[in-house]
Every structure is written in structure tokens, then in C-alpha cells.
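As C-alpha cells, the structure follows; a few thoughts come after it.
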Amino acid sequence: MARVQRASSLLLVLVIGAALALSASQVDAQLTYRFYRTSCPNVESIITGVVKQAFKKDPTIAPGILRLSFHDCFVRGCDGSVLLAGANSERAATINNRLHGFEIIDQIKAAVEKACPRTVSCADILQYAARDSVVVTGGSSWKVYAGRRDGRVSNADEPAQNLPTGFSLAGELVSTFEQQGLSPSQMVDLSGAHTIGLTHCDHISNRIYTPVDPTLPKDLLKLFQKTCPKATTNTPIVLDQTSVSKFDTAYFKNIQKGRGVMTSDQELYNPDAYLRRYVDKNTNQNTFVHRFGAAMIAMGSIQVTVAPDGEIRKRCQYVN
């Protein structure tokens, strides 16, 4: 009976989430494809060049930048607020303490400012760079709609209130994304970013320490317990144990086999979650890259700030 109630309540959440997802697509009207075609025609090639060079030196830059875009959009919308520095800024929040790639965004901004002063927002740069981070790891491109302005507020208390964690259950994940106007299917699609991602020992502690998660395959349990002594919190763990540096469908295929790393990964294939249908669809490479790009466009439209509001920061770390 409990299982039926859980399934029924989650089905209701899915229906509501699908309806709310319309709001994300409606925001697209405020953004424009090739927004800088006359004001800064080379902006995309400049950004791509910096991302490619950075990736050659450090492949972890790709998932780092992709994660930055997610953490930006889920807090105050896609306004570059996660890029602001300061003791009480979003990047100072505990949940954001391992964000990676700020220095590359700063490099991109410096290069773009040299070519087109006070023209391209940090918020737009981050979305372009996220797209390029997927491309350099073997994924497909998508149209980035731009015209965002940079926000002036960044609060350390807000990320924990808006972002999911590695311990999140299916219903919690659906609810978190629904609050941003994203559907359950888009939530699963965006989770595919973990195909090139890393987590850390403290995010799987609930699965490998007493009590041990009985659903975790024994070989993974043994590996994780060896990698993560109880005192360890900072050791990185590959989320896609098959092909961490390639943007492919292995993440979803691993979940089908019960080999999701974090609770939030494996919950996508929970029998009661009604989400496994989207996992199954994303095991096809062409389907996955198409769905992922569409979901990134939707995410990039969350609560955007456009002219005359906001600003074009000269440096992404500081308001003007």
C-alpha cells in the first residue's frame, strides 16, 4: 500500500512538473540566438578557443564549467551570480566549496573584453562555455540563446536552499527541478552531465558506511570503501565508472545495471520513480545528445535578467 501511495504522489508531481516546464520555454522570447552577431561577432570563437586550450591542460575543466552553469541557473536564475567573489557570496557556500573553473571564465572574460569591451555578460559567457565543455568531451553542440545581463546580488545562504544533493531521493529531485520550471524528463536529461563528472567521498558516505546500502554492487562497495576511509572527505570519485572523460550514454547504462554512484544517480532508476523511462531513452547516443541540448536551453532560460536590468560586468568576480 505504501508503494502505491508513493507511486501515486510521484505521478502527481510528474504531471505538475510537466505543466510548469512550459515556463522555461516561454522565457526564450527574452533571449536571442546569435545575440552578439553585430556587437561582438567573434565572441563564440573566442570562448571556444579558451575552453579548448584549458581542456588540453586540465580535462576536469569541462565538467567543472558545466557544473558552474547548473549552480548558477538554479540560484537567482542564470545571472552569473555564482561567479561573484566575496565572503558571503554563492561560491562561498559549503555546497559550492568544490566548484571548479572560475579561473577559466575569468580568462574568457578578459579575452572577450579585449575584443568587445562592456558588451558580453558573464552570464552569457558561462552558458557558451558550458556548451563548449560538452563539445570538447565528444558531445554535440546546441544553440545558445543569449542576451542575459549579470546580476548584482550573490548570497551564500541561497545555494543550499535551491540545489539538490547527492543524497536526494527521486521525489526530492523532481521537486527541486520543478521549482525551476523544469520537467522530470529534463531533470533526467540534465543528470547526464554526470557522464563526465566527479563527486567526492562524503557524497557517497550514506552508501558505503554503516549501514551499507545493500543495493550497491559488491565490487563498487569494495572499491569505494578502499578509496574512501571514514576520515576522508576530499578524495574524488568518478561518477561514470566506464568512460569518465567522454560525453556518452555510459552513465545511463550504468544506472540501468544498478551501478549509479550517488543515491541521486541510482534514484533515477528507482522502480517507483516513473523516471526510468527517461533513463532508457538516453541510452541511445543520438537521443541523449539531442535531449541534453534541449534541456540545457531550457535551463539557460531560468529567471533570466535582461536589459535594462542588471549589468555587463567588466570582471566576472565583481559588480561594476
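Backbone N, Cα and C define each Cβ position, glycine as well.
Where the annotation comes from TrEMBL, it is an automatic prediction and has not been curated.
Here the candidates are CYS116, CYS122, CYS201, and TrEMBL names CYS116 as the disulfide partner of CYS40.
Candidates considered were CYS78, CYS122, CYS201; TrEMBL assigns the disulfide partner of CYS316 as CYS122.
Proximity of ASP79 (Ca(2+) 1 binding site) to non-local residues of its own chain (separation of 6 or more, Cβ distance below 8 Å) is seen for ASP72, ALA123, ARG148, ARG149, ASP150, GLY151, GLN303, VAL304, THR305, GLY310, given in sequence order.
All protein chains considered, the CB of VAL75 (Ca(2+) 1 binding site) has 27 other CB atoms within 10 Å. Candidates CYS40, HIS71, CYS73, CYS228 (recorded positions) were compared with GLU90 (Ca(2+) 1 binding site); those inside 10 Å Cα-Cα are HIS71.
Over the domain 'Plant heme peroxidase family profile' (30-320), the average per-residue pLDDT in this prediction is 95. Excluding ASP72, VAL75, GLY77, ASP79, SER81, GLU90 themselves, the residues of that chain whose CB lies within 8 A of the CB mean position for the Ca(2+) 1 site are, in sequence, HIS71, CYS73, PHE74, ARG76, CYS78, GLY80, VAL82, GLY151, SER154.
Annotation for the binding-site residues SER81, THR195: lowest Cβ count within 10 Å of the residue's own Cβ, SER81. Residue density at GLU90 (Ca(2+) 1 binding site): 27 other Cβ atoms are found within 10 A of its Cβ, drawing on all protein chains shown.
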